[in-house]
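What follows is a short report on a single structure.
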Amino acid sequence: MTEDSTDLFDDLFARRVVPVLVPMPAPKAYSYAVPEGMAVTPGSIVQVPLGPRQVVGVVWDGVQDDAVDPKKLKAITQVFDCPPLSRDMRTFLDWVAAYTVSPPGLVARMALRAPAAFDPEPMIEGLRLTDTRPERMTPARERVIATADNGFTWTRSGLAHAAGTSSSVIDGLTAQGVFETVFMPPPPVVAAPDPDYAEHRLEGPQKQAALDLLESVDAGGFSVSLIDGITGSGKTEVYFEAIAATLKAGKQVLILLPEIALTASFMERFQDRFGSKPAEWHSDLAPRTREKVWRQVTEGGVRVVAGARSALFLPFENLGLIVVDEEHDPAYKQEDRVFYNARDMAVVRARIGDFPVVLVSATPSVESRVNGDLGRYKPIHLPTRFGDAALPDLGLVDMRRHPPERGGFLSPVLLRHIGKALERGEQALLFLNRRGYAPLTLCRVCGHRFQCPDCSTWLVEHRFRGQIQCHHCGYAERTPESCPECGTFDHLVACGPGVERIAEEVDRHFPDARTIVLSSDLMGVKRLRLELEAIAKGEADIVVGTQLVAKGHNFPMMTFVGIVDADIGLANGDPRAAERTFQLLSQVTGRAGRTGLKSLGLLQTYQPQHPVMQAIVSGDSEAFYEREIGEREKALLPPFGRLASIIVSADTRADAEGHARGLRQAAPRVSGISILGPAEAPLALIRGRHRFRLLVHGRRNSDMQAFVKTMLASGPKMRGSVSVQLDIDPQSFL
DNA sequence: AGCACGCCGACT
DNA sequence: GTCGGCGTGCTC
C-alpha cells in the first residue's frame, strides 16, 4: 500500500458517511462519504459516483447498519442547489417501496424524473431603461424608449415585439448605454390561479355535494371523499370548489387524470373557473417544460398541477389536496418497474401529509365502493344530470333475435338508428374495443391460423397498414397473399370484427357519410387530440372507435351510440372482467346526450340477461355493485381479498402451472393463484418476455409481502425480475 | 436499471 | 482476421 492510498483511507474515515438512495434496484441505500465542507441533510438531492458513471441520488434517513468495505466507499460529488425532499415525501417513498415490494432507489427515482432540474433555473437577461439617451434619435428608437419607459424590465425580444421594431434597434441602444442589463428570475410556467376568478353558481344536489365536500376540506387533515356522480352531473364543478378552498388556504393542489383525459378541453374548463391553466405533467412534456414545472413545483411557485399518475411523485413544496378524477381507470396502474396504483398511493400520500384526497368517478372501482360502504371513504352522491342534459335512452339488441346480414357485424336495428341520426344531421358513434381489421386470419384451404412466433396469440390483421400484428409483443409482418402452410393464393379469410372492418361495413351502408376510425394505433396522442376536437366541431358523421373514445371527451352532436360487441371482455378470466366491462360501457354510453338533444345508446349482445347488461340499461348500478362485491368476496375469500399480480416468466401454460404449484407450497397463507395468459396480461409485461402472469389472492398485505419475499428467496427459479402489484385492501391502512 | 466484460457467429 | 449478438456480474 502506498503512502498516498493510506492518506486517502485516513481521509475517508474522517468523513461523515450517509445513506444515499441510488437509482438502481438495490435492496437498500448505499453509503457515501460526505466531503469536508459539504453540507447534506436527509432529502438532499446529490450526485454520486456509481460504478463507471455519475448518477442522481437522495440522501436518506438513518445510519447504515453494516459498515461497507472502506475500500469501496466513495464520496458525494455534489449537492444540488434544490430543496431537499421533505420528511413526508421520504416517508411516502419508503411506504410505497415497502408496500409494492420494490427497491427504494427505484421508487425515489420516480420523484426525480426531470433530468436537469436540480440546479436552479438560470436567471434570464433583462433590459432596463437608464437615464442615458442616444445621440441620434430615430422614430424606431423613440418607440422603443417610449415603450420601455415604465420602470419595467424587458426581455430583448419582448421589447422589440412590443415596440414593433427589430432587436437590432435595441442592441444599438444598449451599446450606447440607453439600456442596462439586469438579471431577472425566470418567468413562471403558468400564471397563478385565482380561486375567486369565476365562481360557479351551484344548485340543488350539486350545491349540497359541494358543501359536503368542503366540510371535509375546510376541516383540514386527512380525509377521503368519494364523489360518485353520473356523467354530466357536474362532478368537476364540485371538486373545483375544493380546489378553490385549498388555494385560498395557501396550499398546492394536484389533480390526477388518466393520461388520455389530459385534454385541452379540461385545461380550458379549469381556466374558465380559475383564470389560468394548471401546470401539466405527463409523459410527452417537452424536456425544458418538464424541468421548469418540476422546479417550480418543488419551490411552490406552481399552485396547481394536472397530471397523469407519475405526477403523484412530484415533490410538492406544500401540497394540500389531491383530486383523483376517473378514479376507477385502469390507467392509474403502473405495471412496469415499480408496480403501483396511483389512486391508492394518492390516499397514502394524503394520509402521510395529513390533507384531504378526493376520488371522483361515475363508476367507482369496487374497492372504493367498499371503502365507502365501510365508512372509510366519505361518499358524496350526485344522482342527476344538471341543466338541460338528459340521460340517453339505453337499450339492448339481442343478437340472437336481430342477427346481422351475412358477412356483417351490425344488426339491422343499429344500422336503422345510425341512418336516423344522419338524417337529423347529428353524429353516430360506434364502439368496438378491438383494434385492427380482424382478430384472426385463417386459410380456408388448410385451416392454417396466423400466430405470433413469439407469443401464443393470433395475429391481428391491420388492413389500413397492410400488416398482420401481434398485439402483445408488437411483432408485425406484411399480410401475405398466400398461405404460408399450403401456398394457396386468395384463400385467407378474416374472422371476426375490428374497428377497421366495422368502418368498412358502415361505408358500405352509408357511402355518403364521413366516417372516421379512432384507434390508438393509428395516431399519436397529439394527433388524437386534434381529431377529437375536429369531431366535436362536427367534422365527421360516423365515428368508429376503440376504448379511447370513451375517455374524457364530449361530443355535443353525438346522439346515437352503438356498442358493436358489448360482450367483449366478459369472459377473459380476470376477476375484474364484469366490473371493467360495466365501467367501460357506462363511459361509452355516457358520451351521448349532453346537449338537451334526445339521444340513444344501443348495446349489441348475445347475453341480454347478463348482470352487466341489465345494470347498464336499467341504470341500477347499486344492484350491480352489490352483486359484484358479493362475487368478488366469493372469488377472493372474505373479508375482501387482496389481489397481487406477480409476473412470472414462463413460456408455456404448463410451465406457469408448475410455478403456481411451487408458489402454493412456498406460501400456504396465500388463498389462491390464478394464471392469466398473454391475452390478459398487459403489453409491457409481454415486451419484457414475461408471458404469463399469476394473479395471487391473499387476505392481508403482510401475508402477501411475506409470500413475495419467500418466493424471491426460495421459490421456483424465475427468469428476469419478479414484479408485484398489490391492489388495495379496503381494510388496509385506514 | 445501466454498463462493462466476455465469449461465439457473419462480415468489411 | 474484426463487429456485434446478449448472458453474467457488479455497482457504496
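Here the Cβ of each residue, glycine as well, is placed from N, Cα and C on the backbone.
TrEMBL annotations: computationally assigned, not manually curated.
Summed and averaged per residue, pLDDT over the domain 'Helicase ATP-binding' (A:216-382) gives 93. Residues or ranges marked as domain 'Helicase ATP-binding' in TrEMBL: A:216-382.
What TrEMBL records for A:Cys443, A:Cys446, A:Cys483, A:Cys486 is Zn(2+) 1 binding site. Secondary structure at A:Cys446 (Zn(2+) 1 binding site), as computed by DSSP, is coil. Long-range C-beta contacts of A:Cys446 (Zn(2+) 1 binding site), restricted to its own chain and to partners at least six residues apart, with a cutoff below 8 Å, comprise A:Cys483, A:Glu485, A:Cys486, A:Thr488.
According to TrEMBL, the Zn(2+) 2 binding site annotation covers A:Cys452, A:Cys455, A:Cys470, A:Cys473. DSSP assigns A:Cys470 (Zn(2+) 2 binding site) to coil in the three-state reduction, placing it in neither a helix nor a strand. Other Cβ atoms within 10 Å of the Cβ of A:Cys470 (Zn(2+) 2 binding site), summed over all protein chains shown, number 21.
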Output field, Zn(2+) 1 shell: CB within 8 Å of site CB centroid, site A:Cys443, A:Cys446, A:Cys483, A:Cys486 dropped: A:Arg444, A:Val445, A:Gly447, A:His448, A:Pro484, A:Glu485, A:Gly487, A:Thr488, A:His491
Neighbour tally for A:Cys452 (Zn(2+) 2 binding site), based on other Cβ positions within 10 Å of its Cβ: 22
Lowest local Cβ density (other Cβ within 10 Å) among binding-site residues: A:Cys443, A:Cys483, A:Cys486: A:Cys486
Cα distance (Å, whole number) from A:Cys470 (Zn(2+) 2 binding site) to A:Cys443 (Zn(2+) 1 binding site): 18
